[in-house]
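What Swiss-Prot annotates here:
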{"type": "BINDING", "residues": "99, 100, 101, 102, 103, 104, 105, 106", "note": "ATP binding site"}
{"type": "DOMAIN", "residues": "52-352", "note": "domain 'Helicase ATP-binding'"}
{"type": "DOMAIN", "residues": "524-724", "note": "domain 'Helicase C-terminal'"}
{"type": "MOTIF", "residues": "281-284", "note": "motif 'DEAH box'"}
């Protein structure tokens, strides 16, 4: 076998030397050094100083990222590693992706699956299937259908999917015609994944569905109450120990049960899995001790039932592979390690790894060493804390102690129980044991109808989930009114809940409010209002439960304190999303009243409704939370859901264990989850609320116990990750204990990897992939800089991290592959790949030149001919709309970067006493086209001077101007008005003539029909023009086109850059001024003023040239205005 076997003594060393893995070691690069590299190659496209750093090839944004990037999905190094490791060419049968939440496990699994699918497509018959099993299978399908780069849908189909999604959302109903069209389209795409006749290779199952379909209980089995779990059980559930023979004989027991007619194994599924691929997401769910199920049994069976060479390959995924108990490591390793590779060829049993006495468990001596050995080559570990992509996690509160021991890792918001809560807690005795139906006492207690007044001595509340609904439902109306309690009418999805003023921070004086019943929820409400007053930011509130003190009561608490749900109308007590003031008292003049709103997600809400609420919460339009400020979620949000730009997370109850708490943190701390926010706001503050008593309290005791158990799990995690296959590439080094890991160092470091091995890289097609990667890098570089020499381009391509998202070691690129990439992009004129650069269709051309060949990004004209255009990349081409835009309506639809009304008012102010000609160079094309149409259609008053300027420069035309052209005059002769009435204007390509002001219809004619020559000869000194830079217009100059000779291609690089006049050297500025005849003492004039003189001189000369006889046909060109087309030089070699 070309790849090393797992039992090789130097397995990781051999693996690390292979180029397909070694190249994924991301080289360390200093940020300042990287910026220097960007500027050295003239490819800085954003950030401070980008115009200078990029030499102004294209307009740049000083607030944007400085790095060129590759459009679309790019697999990161960890994803590439596991794709290369677990594929049909390697011998490795099972792999666990132990990656933190939000790092792209699903994409990695899909990338692996794609490799197997490509392999299976070569089978003539009986091709295996790829099974995706897990609670989050729908999310994996969604990723497959929204990422054309993965190869399952086209870009056109993704665009259509987005269009249908938008239309369906606008309909506001899940049953509308638009929604049905969307569902039909999605179903068609999904069938492509699963229908073999359409090229599908996938089967998608939930864990429960998979287990049920694999093991069919017969009628005889039902009569005997047969349970598959009975064949695979723990002999002593209380002690969590296993019978010696339970696991080892499980497959045999299934066969016996099948022979006895109690069960039927689905042979169709088994045959589909033979030699196939099994992907199991959130694998910790299948063997969790606290939630008994047969999910893990089904997976274990399909992995053990086949001979080793026929068993399906497997990819397991989890950020927290062991959750409920450290002894789950036995179940995990039995799934992860093939049976024949376990000690003695038998499944592991718990007594092999653990000593247990009562409820106390500890690792046996040498048990962790066994975990290390068994997991070598079977685990990928990723803990990514790169603050460039992840928001900072901030814990509010402080560390607490329980029984004189400080609880590790976590900070808490300490919430002392109210006196009423403490009195209620006393009812459970001095050392209370909180049963599962009494968990509400951790959060709050409810008013008790046993007492007419809850404030009377010895009164206590309700908290038991069995007793509370009955007691409150039977309470009298008078008692309910007296205590501010309102029973919410039960429904199928919400059998019982209450509301009322007892949940308010400010109840009527005769009613005890929220502070009386819950110290925790009172603190939560105070914190919410404080956050709103501080400024913007979305809030996620988590509670593990739905009923009693869970998310349903949280919903009522918010509503009782002035926070609305998604649909309710504001009332006088509704709070403002900006200042938290109630509407009746809202006196702020600096902002309008916007109601605070929340939404809720839990398992009893229809999935379609949940998806719509989540989409609205995550929408870019809701970045500040002014549409939906708060989302309340139950345990349904713990896995699979992603939340964008959440600034505050409030955790109101501990999930089942600490690993699941980490999952909850991971819902809001995700890669790129905060990229739309300003850098200063890319953080999440976590509020972990805990109810306490003077001696600590039962909830704090629960946290203490779970953290103690978690330390044992962390010891196992460290052993599991010790020899991770990608430790040397991910370079995860942890120096001190942290929530996600104990101290850890990779067993191999980049420094001791060794010499590069190429045999598998060349044999298995990785060279072809390198060519594709280099091609994408080349394209990105041309999008930043349009002209390169061969050596410059190769140096840039081989510079690490120059392209955003490409973090592989470019220094390992082969120059032969670089040459192949160039050939693939520009081998000949007919074979050149078409690219979109700066919204223009281009191709990369090879141009022979001396001393070194050039590669140029040439724009394609309408005939798809390459054009080497001097100004293509810096000219702001904005054609006018093909319909009239009235000024009043333009404000609603303008696509300019500054509203027309703002520019219009500025124009009226600035040009009262200034030369009107200056308007042509102070405003963008979009302003002028809108103004011209307004002058023609709306007949704006008081604009005579502006009209005269437009006419002087032959931009606007009156009836009188058209009369010399009889055939054209017929088009506008019927338009009302005298000879001086404006009827048309010139654009880059045509003259637009009004045919009906009422209908706003236009007729277009070529420019030459009015004797306008777009290719007038340029003067021999200098050419001026204005370039749009954000909201500003910059005056630029360049040499005349005739200076550029077709055989002097190297000059194109200089001309393509353009030149802001002020950046030119003083000597050059003075020379130009002298040639233009500007006679002043130039030595005492600043560069800015000198450039203004040059600009105005060129504009004056342009006007004079146009007004000479036949000036628009033969006049000399001095200045290109907003509606002038820049010249091109077509390269014909």
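Note that Cβ sites are derived from N, Cα and C of the backbone, with glycine treated the same way.
Reduced to three states, the DSSP call for residue 104 (ATP binding site) is coil. Other than 99, 100, 101, 102, 103, 104, 105, 106, the residues of this chain whose Cβ falls within 8 Å of the Cβ centroid of the ATP site are, in sequence order, 319, 382, 666, 670, 671. Note: residue 103 (ATP binding site) has non-local neighbours 78, 382, 384, 671, i.e. same-chain residues 6+ apart with C-beta under 8 A of its own C-beta.
Counting only same-chain residues six or more apart in sequence, the Cβ atoms lying under 8 angstroms from the Cβ of residue 102 (ATP binding site) belong to 390, 642, 666, 669, 670, 671, 673. Cβ environment of residue 104 (ATP binding site): 76, 78, 79, 671 lie under 8 Å away, each six or more residues apart in the same chain. The 10 Å shell around the Cβ of residue 106 (ATP binding site) contains 23 further Cβ atoms across the protein chains shown. Residue counts for the motif 'DEAH box' (281-284) under DSSP, helix first, then strand, then coil, are 2 helix, 0 strand, 2 coil. In the shown protein chains, 23 other C-beta atoms lie within 10 A of the C-beta of residue 100 (ATP binding site). Residue density at residue 105 (ATP binding site): 26 other Cβ atoms are found within 10 A of its Cβ, drawing on all protein chains shown. In sequence order, 319, 662, 663, 665, 666, 667, 669, 670 are the residues of the chain that are 6 or more apart from residue 101 (ATP binding site) and have a CB within less than 8 Å of its CB.
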